[in-house]
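Q: Please see the structure below; I have some questions.
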Amino acid sequence: LGMTAPPEKDADDTSNTMEVACKNFEIFRFHVRVTSASMTLHTRLVERLESTHQPAPIAFAKEPLTRSEDEDKHRHPWSDLEVAESARMGLTAPSRRHNPTSGGFRVTRVNHTFRLCATYPMLLIVPQHISDSDLKSIAHFRARGRVPAITYRHEATDALVARCAQPLVGLRRRRCASDELYVKFLQQHAVGGLYIIDCRHQVGEQINIFIMMIPVFFGTRWLEHVRSVLVAATTCVDKLVEEKASLLVHCSDGWDRTAQLTALVKVCCDPYFRTVDGFALLVQQEWVSFGHRFDSRCGMKAGHRSGAKKHGYWDDEQSSPVFVQFIDAVWQMTQLAPCSFEFNDA
């Protein structure tokens with residue numbers, strides 16, 4: 001979660017500044033007058049970061065991105081794990097608990113070229129009777145083409161968790177028949193009906209205003225915001241387990257607060273996601289595959305990359321520690337129930 005930004009010229013053009021942002025939000029700035037020396041310092045720091053991990057973590061992977069039509073040649077290994085995970089939850093395999101009147105599910109490849117939604121995975125789990133044409137219609141109705149996608153099924157209650165972006169209703173109160181058909185399926189599938197969890201208002205405002213600095217930690221009300229996220233997740237779990245109701249979670253774009261809630265719900269409801277392998281898959285599914293903007297949220301686009309005049313770690317208005325807040329929320333859970341997790345903060 002820490003980052004090292006490449007050296008940049010100072011305003012007076014007499015020295016170079018390199019910024020190191022640590023995972024505890026401490027920020028170190030190195031001012032070096034010789035350009036070659038600053039580049040050497042940056043290279044050595046990156047090498048040291050890489051050498052502390054054996055094997056190298058995914059953050060240092062240098063595999064080129066591709067959107068080739070040849071899926072088998074360029075298929076990412078995570079895709080196979082995600083398909084296996086959907087079968088484990090009973091979404092793509094026969095299950096005696098499925099409500100026969102609601103139909104089953106299918107894995108669609110409509111997004112295999114990322115043309116339906118550039119920030120969604122290639123494979124999506126959708127209701128059996130929702131066609132690819134329906135999904136294309138829904139993509140025009142949902143922000144950034146982020147259609148509802150089913151990511152979890154609770155084994156005991158058969159309730160579902162789906163995620164998406166906000167509907168583009170507008171002043172004319174637009175409607176989409178395919179979208180309404182999808183939502184109706186979610187409503188009828190579970191015994192307790194459907195709750196639509198809208199994260200756009202209070203929680204959204206809280207998360208998007210962070211300018212994190214250690215000296216004013218308590219002034220940011222960080223713990224209060226973490227508590228709000230945990231309370232929201234607890235409410236969702238109660239609806240899913242106790243009321244046996246399905247959940248459709250969305251915020252404005254569906255890649256920040258939505259990811260927080262869906263991931264925390266899965267951690268609470270399924271012990272597999274409290275194992276090391278399960279938690280790694282959870283992060284891959286809910287955060288990476290569904291397009292969380294790690295680069296801008298972590299401040300990696302600030303300064304030299306965005307062309308802005310400011311070069312500070314938190315100067316970019318898109319910077320927001322959403323993922324770090326999720327990690328903190330999970331840490332709070334490990335402190336409350338340490339024996340329920342296969343890992344800790346060691």
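Keep in mind that glycine also has a Cβ here, set from the backbone N, Cα and C atoms.
In case it's useful when we look at the structure, here is the feature table from TrEMBL:
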- 76-346: domain 'Myotubularin phosphatase' (DOMAIN)
- Asn208, Ile209, Cys251, Ser252, Asp253, Gly254, Trp255, Asp256, Arg257: substrate binding site (BINDING)
- Cys251: active site, phosphocysteine intermediate (ACT_SITE)
Q: Could you tell me the mean pLDDT over the domain 'Myotubularin phosphatase' (76-346), as a whole number?
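A: Mean pLDDT, the domain 'Myotubularin phosphatase' (76-346): 84.
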Q: Around the C-beta of Trp255 (substrate binding site), how many further C-beta atoms are within 10 angstroms, looking at every protein chain?
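A: Step by step: centre on the Cβ of Trp255 (substrate binding site), count other Cβ atoms within 10 Å, giving 23.
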